[in-house]
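Visitor: Encoded as C-alpha cells, here's the structure I'll be asking about.
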Protein chains: 2
Amino acid sequence: MAAPVVAVVGGGQLARMMAPAAAALGVHLRALVEEPTSSAAQVICDSRVGAASDEAAIRALVAGSQATHGRRSAAPAADTPEGVSAEARAADVLTFEHEHVPNALLEQLVAEGHPVRPDAAALVHAQDKIVMRRRLGELGVPCPRWVELPDAAALEAFLAQVGGTAVVKTARGGYDGKGVRIVRSVAEAADWFAASQADGGSGIPLLAEEKIPFTRELAVLVARRPSGQMRAWPVVESVQVDGVCAEVIVPAPGLDPAVARAATVLALEIAEGLGVTGVLAVELFEVPGTGGGAPTVVVNELAMRPHNSGHWTIEGSMTSQFEQHLRAVLDLPLGESTARAPWTVMVNVLGNGLVDPVDALAAVTALDAGAKVQLYGKSPRQGRKLGHVTVMGDDLTEVRARAAAAAAVLRGATSR
Amino acid sequence: MAAPVVAVVGGGQLARMMAPAAAALGVHLRALVEEPTSSAAQVICDSRVGAASDEAAIRALVAGSQATHGRRSAAPAADTPEGVSAEARAADVLTFEHEHVPNALLEQLVAEGHPVRPDAAALVHAQDKIVMRRRLGELGVPCPRWVELPDAAALEAFLAQVGGTAVVKTARGGYDGKGVRIVRSVAEAADWFAASQADGGSGIPLLAEEKIPFTRELAVLVARRPSGQMRAWPVVESVQVDGVCAEVIVPAPGLDPAVARAATVLALEIAEGLGVTGVLAVELFEVPGTGGGAPTVVVNELAMRPHNSGHWTIEGSMTSQFEQHLRAVLDLPLGESTARAPWTVMVNVLGNGLVDPVDALAAVTALDAGAKVQLYGKSPRQGRKLGHVTVMGDDLTEVRARAAAAAAVLRGATSR
C-alpha cells in the first residue's frame with residue numbers, strides 16, 4: 001500500500017497543526033486552502049486554493065487527479081510503489097477543519113463511494129444549532145432550555161419564560177463569539193430578525209437559549225473511529241474572554257471526579273449518538289448543584305474537528321488531537337490520550353495591533369526555556385489567533401503564571 | 001520582521017523532521033533535496049531539487065530569489081508584511097542535514113555575508129576524520145590511538161603497535177558503518193589503499209585507529225548558539241548492529257553519574273573547542289576503568305547536525321533536537337533539554353524487503369497505543385532507515401520490550 005491520503009477542507013491553523021502528525025505517520029495530507037499564503041498552505045505541500053463552498057474545488061480535492069498547485073504535480077512518480085504520485089491519487093478520506101461545507105455535496109460524495117468523516121449526517125449537528133439542540137434533546141443530553149425563533153413573538157414569550165434574559169444565536173455560521181448575543185428585549189435582536197426573515201424567510205434561522213448561571217466552562221475532547229473505538233482526553237477548564245478561548249487548564253482544577261466521569265461519559269454518548277467520526281469537542285457549562293449536591297454539566301456547543309480546547313495535547317498528551325483526528329478518520333487504532341504532566345496550561349496568543357509574535361521568539365524563550373510555542377504563520381491583526389503557548393509542570397499556580405507570561409511576551413510585552 | 005528563513009542542505013529524514021519544529025516556531029524552511037520525492041520534499045513546501053555539491057544550487061538555496069520548484073513561487077506576496085514572499089527572500093542562515101558539502105563554497109558564502117552554521121571551520125571536523133582526530137588531540141580529548149595511512153607500510157607498523165587489529169577508515173564520506181573496516185592485515189585493506197592512491201594520490205585518504213575494547217557505545221547530544229549558549233541532553237546508550245544504530249536507551253542505564261558528567265562536559269568542550277553551532281552529536285566508547293576505577297570514555301565519531309541518537313527527543317524531551325538545531329542556527333535561546341520520562345527507548349525501523357511500515361500503522365497501534373511512530377516517507381529497501389519508534393515509561397525492561405515489539409510489527413512481524 002502507498003501512503004494514505006487525507007484531504008482536509010480549510011487552510012487555517014487547525015489544518016496546519018495536522019501536518020506534523022501526518023508526517024510522523026507517513027500520511028499524505030492535501031488541503032483546500034483559502035489563499036496561497038494561508039496558515040496551512042505554508043506547511044502542507046499539496047495545498048490547493050479554493051472555497052469550501054465550491055463543489056468543483058471539493059471534488060478536485062477528493063479526486064486528486066486534477067491539476068494541482070502542488071510543487072510535485074509535475075514530479076516523476078517513480079518513487080511511489082504503484083507509480084502514481086500521492087498528489088494524483090484519490091483521497092482515502094475527506095475531513096474538515098471547519099464546518100462550513102455544503103452538506104448535500106458531502107452526501108453525494110459518500111453515495112459515490114468517497115468516505116467523508118465526519119459524514120453529513122453527523123456534521124449537520126455542528127453546522128446547525130437548532131438541529132443540534134433537537135437531537136441532543138432526543139438523546140437525553142442536558143442542554144439549556146431553548147426555543148426556535150421564527151419571529152419576534154417567540155423571543156418575547158421565551159424572555160418571559162426564562163426571567164428576562166436570553167442568549168440569541170444564529171443557527172449557522174457562528175464561531176468565537178460571533179453569532180451569539182445576550183438580549184433582554186426583542187429590540188436588541190431586531191437586526192438579526194430582519195436578516196433571518198430577509199428574502200422571504202430564507203435567511204439564517206435564529207434560536208434562543210436560557211442564560212445558564214454557570215460557575216465555569218469545561219470542555220471534553222473525544223475521538224471516535226468509524227468502527228466505534230473511542231478515546232477521551234481529560235476534562236479541561238476553558239477560560240473565555242469576549243467569547244474567545246483565552247486559556248485552557250488541564251485537568252479542570254478541583255473538578256469533582258464524579259462530574260469529570262459524567263462529563264466524559266456524556267461526550268462519548270454524544271459521539272456515539274451522533275455517529276461522529278474524528279475528534280469531537282463538547283463545550284460544557286458547569287452548574288452548581290442544587291441543595292448541596294454535586295455540580296452538573298450542560299452542553300453549550302459542539303465542534304467536530306480538532307478544537308482550541310485541545311491544543312494542549314500537542315505536547316501535553318501522548319497523542320495530540322491532530323494525530324488522533326487523522327487516526328480516527330483513517331479508521332486506525334487510536335493512541336493513548338492521557339495527560340503527560342500533572343498540570344498543563346495553554347494560553348492563546350491573540351493579535352495585538354501589528355505586533356508579530358515571531359519577533360518575540362528570542363524573548364519568550366529567554367524568559368522561559370520550557371514554554372512551548374506554536375505559531376500559525378498568520379499576519380498580525382487585532383484579536384486574531386496568531387499562536388498559542390503551552391506550559392507543563394507540577395504546580396498549577398506556577399504553570400498558569402508561566403503560560404500567561406510567555407503569551408504576554410509573544411503579544412509584545414517587554415520581558416523582565 | 002517576517003518569518004526567519006532557514007535553508008537546509010539535504011532531503012532525508014533529518015531535514016524532514018525539522019519541518020514540524022519549523023512550523024511551530026513560524027520559521028520558513030527551505031530544503032535542497034536530491035529528488036522531488038525525497039523524504040523531506042514531501043513535507044517542506046519550499047523544496048528545491050539539486051545536488052549538495054552543486055555551487056549554483058546552494059547559491060540559489062541561500063539567495064531564494066531564483067525560480068523555485070515551490071508551490072507558492074507564483075503566489076501573490078500580499079500576505080507577507082514587507083511584500084516579499086518567504087520563498088523569494090534570502091535565507092537568514094544556511095545549515096545541513098549531512099556533511100557532504102564543499103567547504104570552499106561555504107567559506108565564500110560567509111565572506112559574502114551569508115551566515116552558515118555550523119561554519120566551514122567547524123564542519124570540517126565532521127567531514128574529515130583525520131582533521132577531527134588531530135584537532136581533538138590538540139584539545140586533549142580522549143581518542144583511540146590513531147595514525148594516518150599514506151601507505152600500506154604505515155598500517156603494517158600500526159598493526160604491530162596495537163596488537164594486530166586495527167580499524168581502518170576512509171577520512172571522508174563514511175556513514176552508518178560505510179567507510180569503516182576492521183582489519184588484521186594490510187591485505188584486508190588493499191582495495192582501499194588502491195583507491196586512496198588512485199589518480200596520483202588524490203583519492204580519499206585513510207586512517208587507522210586502535211580497536212577500543214569498549215563495553216558499550218554512548219552518545220552525548222549538545223546544541224550551541226553562535227553567542228555561546230549551550231545545552232546538553234542526557235547521555236544515551238546507543239546499540240549498534242552491523243555499524244548501524246539499532247536502539248537508543250535514555251538515559252544510558254547504570255551509567256556512573258561521574259562518567260555521565262564527564263561525558264557531558266567533554267561534549268560541551270568539543271562544541272566550544274571546535275566552534276560548533278547547531279546540534280553536535282558526540283559518539284563515545286565506554287571503556288572499563290583500570291584497577292577497579294570508574295569507566296572512562298573515548299570519542300568515536302562526531303556529527304554536526306541532528307543525529308539518530310537524538311530521535312528520542314521528539315517526544316522524550318521538552319525540546320527536540322530538531323527544534324534545538326533551528327534555535328541554535330538562528331541564534332535563538334535554547335529550550336529545555338531534560339528527559340520527560342524516567343526511561344525512553346528509540347528503535348530504528350530498518351527496511352525488511354518490500355515491507356512498507358505504513359501498512360502496519362493499524363497493527364502497531366493495536367499492539368501498543370503508547371508507541372510513538374515516526375515514518376520517513378521512503379520507499380522500502382532492505383536495511384534502509386524507514387522510520388523509528390519511541391516508547392517512554394517507568395520500567396526499562398518493559399519500555400525496551402515495547403519499543404522492540406512495535407518496531408518488529410512495523411518491519412512486518414505479525415502482531416499477536
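Glycine is no exception: its Cβ is also placed from the backbone N, Cα and C atoms.
TrEMBL annotations: computationally assigned, not manually curated.
From TrEMBL, here are the annotated features:
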{"type": "BINDING", "residues": "B:Lys129, B:Lys169, B:Glu209, B:Glu210, B:Lys211, B:Ile212, B:Glu217, B:Asn300, B:Glu301", "note": "ATP binding site"}
{"type": "DOMAIN", "residues": "B:133-330", "note": "domain 'ATP-grasp'"}
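Describe the structural context of these features.
Guide: Counting every protein chain shown, the number of other Cβ atoms lying within 10 Å of the Cβ of B:Glu217 (ATP binding site) is 22.
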Visitor: Can you tell which of B:Lys129, B:Lys211 has the least company, meaning the fewest other C-beta atoms within 10 angstroms of its C-beta, among these binding-site residues?
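Guide: Each of the binding-site residues B:Lys129, B:Lys211 was scored; lowest Cβ tally within 10 Å is B:Lys211.
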Visitor: Could you state, as a whole number of Å, the largest distance between Cα atoms of any two of B:Lys129, B:Lys169, B:Glu209, B:Glu210, B:Lys211, B:Ile212, B:Glu217, B:Asn300, B:Glu301, the listed ATP binders?
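Guide: Across B:Lys129, B:Lys169, B:Glu209, B:Glu210, B:Lys211, B:Ile212, B:Glu217, B:Asn300, B:Glu301, the widest Cα separation comes out at 18 Å.
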Visitor: Mean pLDDT for the domain 'ATP-grasp' (B:133-330), rounded to an integer?
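Guide: Mean pLDDT across the domain 'ATP-grasp' (B:133-330) comes out at 94.
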Visitor: So what sits near B:Glu209 (ATP binding site) in its own chain, CB-to-CB under 8 Å and at least six residues off in sequence?
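Guide: B:Glu209 (ATP binding site) has long-range Cβ partners B:Arg133, B:Cys143, B:Pro144, B:Arg145, B:Trp146, B:Ala166, B:Val167, B:Lys169.
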Visitor: Around the C-beta of B:Glu301 (ATP binding site), how many further C-beta atoms are within 10 angstroms, looking at every protein chain?
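Guide: Result for B:Glu301 (ATP binding site): 18 neighbouring Cβ atoms inside 10 Å.
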Visitor: Any idea what DSSP makes of B:Lys211 (ATP binding site), helix, strand or coil?
Guide: coil
Visitor: Could you tell me which three-state DSSP class B:Glu217 (ATP binding site) falls into?
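Guide: Once the DSSP labels are grouped into three classes, B:Glu217 (ATP binding site) ends up as strand.
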